[in-house]
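Novice: Quick one: the structure is below, and I'll ask about it shortly.
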């Protein structure tokens, strides 16, 4: 049997389903499972297959991601969060029964000129203050009325996106909610306001549809982590590797590139088969926690392309072959991100060269 490099990720699909149920229960309505960017690095097809029996729908960034799911046999509704970029995409949207965000007047006109064999579900997006995609408030009502008059348009959902909902003491979220409420006043249509931060931190903004993304994967995006609602979330991704070498160094010896760490005492140094080419953050600082055979040990030295080093001095039982957890339950991905001045989104989406295993299955994707 061929040996393989030990760096790998384990994806807990039961935890994924648990988190989706929690998000839907929390919002009190329906919930789109956001599986864009390959399900935040977890594997979009396999995650969608795990959720399809109970999901209200999926959300992806673009049509390429939607077609990947359709080609894998996913039949549940799929929303294109960025809408369509070219008029020609409407043929594929209709053919594959996709929903699309409408975020500009030209898209309304394009849809009006398109003859669809069946009605297309539309999510009409208001720019309430994020200032990325979305119609201006003064355009919103006219767009809604135009879409309602078109036979090629099915149900229209009104939506907006919160920019600072991860900051619980910031007034911007309530300001955006007020803009959305004013712009949609009198429109009889389902609404969608809350992303993960909105669901976890802003109960007063719950509406017909939630859009859980990061929380699906067990991470609370709220920066203060002051909400008690993060407790029920279960981490979905656990990233592991092994010690491939152990060295004994005297005091005063530099470790790794640039000598960013110098031993202050006789030190056992473990070498782990995981580096920034795998997706472990290059900017992880000395002291960043790792779990070696279930015991917390600090990162020492600069992370290199294929390896990193850990202080095993206080863990004499650890040796070559010992299991190392880079993130998962402890440390959590949010904790690791904080040590690196990064976001959990970046870490999850940045895994490379790492095999994925799904609990209950032996095959890597």
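Here the Cβ of each residue, glycine as well, is placed from N, Cα and C on the backbone.
When I checked Swiss-Prot for this same protein, it listed these features:
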ACT_SITE  36  active site, proton acceptor
MOD_RES   36  N6-(pyridoxal phosphate)lysine
BINDING   132, 305  substrate binding site
ACT_SITE  257  active site, proton acceptor
Novice: In angstrom units, rounded to an integer, how far apart are the Cα atoms of residue 132 (substrate binding site) and residue 36 (active site, proton acceptor)?
Specialist: 17
Novice: Return the single residue from the recorded positions list (36, 132) that has the minimum number of other CB atoms within 10 Å.
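Specialist: Candidates: the recorded positions 36, 132. Fewest Cβ atoms within 10 Å: 132.
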Novice: Return only the integer: C-alpha distance in Å from residue 257 (active site, proton acceptor) to residue 305 (substrate binding site).
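Specialist: Between the Cα atoms of residue 257 (active site, proton acceptor) and residue 305 (substrate binding site), the distance comes to 11 Å.
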Novice: What's the CA to CA span in angstrom from residue 305 (substrate binding site) over to residue 36 (active site, proton acceptor)?
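Specialist: About 27 Å separate the Cα atoms of these two residues.
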Novice: Work out the three-state DSSP category of residue 257 (active site, proton acceptor).
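Specialist: The three-state answer is helix.
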Novice: Over all shown protein chains, what is the count of other CB atoms within 10 A of the CB belonging to residue 257 (active site, proton acceptor)?
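Specialist: Residue 257 (active site, proton acceptor) is surrounded by 11 other Cβ atoms within 10 Å.
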Novice: Give the three-state DSSP assignment (helix, strand or coil) for residue 305 (substrate binding site).
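Specialist: The three-state answer is coil.
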